[in-house]
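Working notes for the structure below.
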Amino acid sequence: MAMVSMQFSVHSLNSPNLRPTKRYSGMAFATSNKEAVSLGVKITQGEGNLPKLVLTSGGGSEAEIYLFGGCITSWKVPSGRDLLFVRPDAVFDKKKPISGGIPHCFPQFGPGPMQQHGFARNMDWSLVESENVEGNPIVTLELKDGPYSHAMWDFSFQARYKVILNTKSISTELIVTNTDNKPFSFSTALHTYFRASITGVSVRGLKGCKTLNKDPDPKNPIEGREERDAITFPGFVDCIYLDASDELHLENGLGDVISIRNTNWSDTVLWNPHVQMEACYKDFVCVENAKIGTVQLEPKQAWIAKQHLCIG
């Protein structure tokens with residue numbers, strides 16, 4: 001799937017159907033009371049007294065999003081089952097990223113010149129728009145550059161992250177815009193943790209992809225080609241799939257089949273730490289939509305990628 005660069009002004013990114021809402025940021029939110037932002041959207045205090053959005057659809061599904069890191073930490077279908085996983089060692093003190101849910105890797109995936117997976121998961125995002133369409137809540141979060149990001153990556157940017165909750169699905173749209181007067185490049189991913197029983201997990205849809213296997217040496221991945229119809233997790237797995245399919249199917253070992261569709265996330269990463277994370281490796285699997293190769297944006301250009309998770 002080719003990377004698409006598109007010209008936008010910042011203002012053109014706003015849908016006319018989205019109602020601007022009072023701006024909430026992780027720095028400014030201090031009330032302990034739940035506050036309704038729009039139908040099906042409320043802001044409250046989560047773990048560590050961090051501001052958290054709670055989205056509830058008319059069909060009975062629910063999602064939780066922390067403004068710190070712009071991290072979706074929970075996606076519950078109407079039966080009450082949470083299909084995402086937050087690790088038991090996760091901390092909510094803003095000293096490190098939230099370990100679980102759907103963290104952002106931006107503007108760097110993996111190790112590199114800056115800290116692991118970049119800085120977006122370590123910063124406060126703001127809630128800038130909220131609406132409800134036919135019982136489905138929609139919120140848009142925003143991240144902009146600041147002194148913290150400039151210390152690692154000296155560029156001006158805007159990232160907008162739209163989250164749409166339906167009865168059986170949760171969808172996201174990430175728009176990264178270059179607001180600087182010089183070009184920049186980045187890599188990115190949604191590091192999604194799915195709740196699972198690892199011995200029963202399989203992922204379908206990656207047969208034929210070129211692979212970069214980080215086992216046993218992450219610094220020197222082994223190139224290969226995926227030949228399996230269904231990928232299982234009998235041990236440690238850390239593998240990149242280049243030019244992956246735009247639809248995968250995850251059997252989570254708990255009786256659920258989750259469709260993972262995407263637009264413009266060109267690559268997939270599968271990860272399970274096995275006994276390196278003895279306390280919880282049996283309870284989750286990471287299936288990550290990613291853009292491993294760098295995206296180059298000229299001033300005022302934007303890059304857009306969408307993810308759609310749906311329960312069968």
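Cβ atoms are placed via backbone N, Cα and C, with glycine included.
The active site feature in TrEMBL is assigned to His191 (among others).
Other Cβ atoms within 10 Å of the Cβ of Glu288 (active site), summed over all protein chains shown, number 23. Marked as active site by TrEMBL: Glu288 (among others).
Sequence-distant contacts of His191 (active site), defined by Cβ-Cβ distance under 8 angstroms and a gap of at least six in the same chain, are Ile102, Pro103, His104, Cys105, His117, Val269, Cys286, Glu288.
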